[in-house]
Amino acid sequence: VNSVFSLPSCLAVCRGRVVRVPKGPLIRVVGTEVEIPCSVSDYDGPSEQNFDWEFSRDTDFVRIVSTWDSTFTSEEYQKRVGYGDIKLRRSSNDAVELVIRNIQPTDQGRYKCSTPSTDATVQGNYDAEVQVKVISDGLSVSGSKARSSMSLRLSEGDSFKLRCSAITTSPEHTHLHTTWQIKNGSTWHDILSLTHEGKFQPGPGYEERYRNGDIRLDTGANDTYRLSVSQASSVDEGAYRCLVSEWVRGADSSWQKIQEKSVEIASVAIQRTALDVVISTSNVSVTERDSLDLTCNITTDRSGIFQAEVMWYFSASPDDTLSDAQVLLSMDHDSVVSDSTLISLSHVDRNSYRLLVRDVDVGDSGYYFCQAAVWVPLHNGSWHKVVERTSAPVNVVVTALEPDYEVFLNASKTPKFSDDPTELHCRITNAQDTEANIRFTVSWYYRQRLRSDDVVTAELLATMDADWTLQLGDRNRERTQNGEIIFSKKAVDTFSFRIQWTSESDRGDYFCVISAWSRHRNNSWVKSKDVTSASVSIFWATQDYTLTVEAVKLKPFFVAGHTFEMTCKVSSKNIKTPRYSVLITAEKPLADQSNPNGTTRIISLNQDSVVRLEDWTDQTRVDGVVLEKVQENEFRYRMYQTQISDAGLYRCVVTAWSPGGGGMWREAVNGLSNPIQIDFQTSGPVFNVSVHSDNPTIYQGELADLLCIITTEGMALEPDDMSFDVSWFAVRSFALDREPILLASLDRRGIVTQSRRNGSSDLSLERISPLEFRLRVHGCEDHDFGNHYCIVTPWVRSATGVWQREPDIKAKPIFLSVKMDVLNAFKYPLLIGIGLATVIGLLSCLIGYCSSRWCCKKEVQETRRERRRLMSMEMD
């Protein structure tokens, strides 16, 4: 491995430092800006290298500029370097560019780039030279001879041409690169270029127009370049300029741009073509089988040669777009009309186009609108669309020719008892104006009878389409598919409805609706009329079913871990050969946290003696409940290894079933038994839970300790006979008015589960003693505040070795407050402020002392006067 890595290192050391400049000579134009790059590679030392540039016209080199020594520049170049006419621009740590603005013939000569050595050993080259040749400016670019810039006003679809002239008298062999550009905002965009290599290159967005020949660039005599634009549109509006650059091939055979010039040629304005499209009428109403006549009028300000294109559309809604609408007919700009049998389009005059729809029907009702476009000819003989408009929609209403008929409904068979057949006939009578294009279908409805005056919505039993396809409703779909209900057509004017075995749920009112359908031109059928029959009542008197269920507990006293057993005895009246399905339910105490809804469905047995577990979720006791049929009217329920959590009220929910038609069973009546209570009489321990914290108020970033302490009362238990499931919750509010959030849980097997957290703080949950569980919040943040509490589920092992689950116990919450450490937050700003104030105060005192000591001192001589007090007159 060492030999593999040492080989490249050896090669780099043997090669040494390499300084590179472009291969000369570099040909540049006087007055332009010159950039000469210089780079270094394969060096030792710091990554950022320094560079020195020197210049020589003959033999001696003069120092120009350096990246590291400000005194490097010689006196000859100090003024140009100070003004920024000559400067160094670093492009990377190991490369710089020498920039010379407004290069002059005196700057022609050799330029040397040097790099100070940072290598351990001197190897390679530390400087490189390049020859710069300054030539005169021979490039001339001009526009129209009449004036420098002209203005053109064109119409959409017109063509225009622009010219510019470019010539060079350079002593070197140079090539020109010509680009036409447009500015319709603040920036210039390329249209089409003739490169210095003789290739045409369209600008972005102009590729398709260049391939179609709408944009061309031609060369002419006197070094002119002509831009030709066809089919002018709004995007061609703006200022145009001709941009010419001069290129020369360097010593390394690569092309180099040496200068660039531009001239504005013209300003082009495109005038939009106005077009107005109007349908002569607003709203139209016609009768079925008549003709619809609409005229589309177009108006445009376009002059010269143009042709109009017209298309008629139909839509069911006025808000539909053209893509959603249906094309009726069209006439292109060559006056070619699309083919249609019953619809015709004619050109009345230059500005009017007539649409005629013959033999209309109801399906032609809707919205009609006309779309027109103006086309202009091009120089190559093709046509170009310049403008397109759409008229406002016209609402057309087609009045249908409705047939006249009546509907009569009678019952040929009515049930007197349950499971008797029922048959109804719906007949069409007094039919008039029913020609061959009319077809009748039927729909059957059922309405439940109520003793009150409440309105009941009718339910659809079945309906026929126009092609007599039967569509079933949701009420009796399964019975119809099984053959219990039959829909048929007895004759041309008669439809029948038959129930093979009528049940009590079929009692109610029945009626039928006969629909008339009209055939349209395209052989489609459209509903034209509905007639509803009077209702027929199907009802018979029955005796109410009665069902009595009695639940009996077989063992009056038992303890946890034993088997609970109860029987359910059923008796019924007025039910023919009944069968029973049984469901066992349990009503748990409201304090039970595992069952907040109250009632739990445990196990069921249907009328065919198939047993099914309902909501029994205890996976450890999947076979712990059994429901069996002892006799035809007696059922027994067993629950093995009962636990304290099984306490509650148990009932039997029984449903009686009677045989229906076709071997099916129908529900007759439901019954509920008396409750059987499971209440364990035990002198076991009583558990209490509390939450404690030595320091409920902490600062951010500190550790919070919360203890969940369990205490027992009554019978003492060994630690091995007790186990606990502990869950910690938090409510992020002061008033416990939010949903609790699960933080972490520890089951009785010692498995810890944590919820996902968004902050940077972390949690740990551990058992520190048999009856104490500690929750730690590491690196507390402000969002860790709130009320914290724990919920404990005790498990106690009975004398038989069975683990019994006790009810959940919730501890009183404790509020955890997280404060910000104000001292640590403002310690450094306060120290800095006090220090600055002290320095400023001392400085002010020093300035005041110096001013009073030397600047403001004056010599004042005063004449000494004696001071004598006057004697009081009273002391005389």
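Including glycine, each Cβ sits where the backbone N, Cα and C put it.
Those TrEMBL annotations? Automatic predictions, nothing curated.
Copied over from TrEMBL, here are the features:
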DOMAIN    8-123  domain 'Ig-like'
DOMAIN    156-264  domain 'Ig-like'
DOMAIN    275-372  domain 'Ig-like'
DOMAIN    403-532  domain 'Ig-like'
DOMAIN    685-793  domain 'Ig-like'
TRANSMEM  828-849  transmembrane segment
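Stretch with the most C-beta contacts under 8 angstroms to the domain 'Ig-like' (156-264), considering only 8-123, 275-372, 403-532, 685-793: 8-123. Per-residue pLDDT, averaged across the domain 'Ig-like' (156-264), gives 89. In the domain 'Ig-like' (275-372), helix, strand and coil residues by DSSP number 3 helix, 55 strand, 40 coil. Residue counts for the domain 'Ig-like' (685-793) under DSSP, helix first, then strand, then coil, are 6 helix, 62 strand, 41 coil. Taking H, G and I as helix, E and B as strand and the rest as coil, DSSP gives the domain 'Ig-like' (8-123) the counts 17 helix, 45 strand, 54 coil.
Across the domain 'Ig-like' (403-532), DSSP classifies residues as 8 helix, 73 strand, 49 coil. The helix, strand and coil residue counts that DSSP assigns across the domain 'Ig-like' (156-264) are 11 helix, 62 strand, 36 coil.
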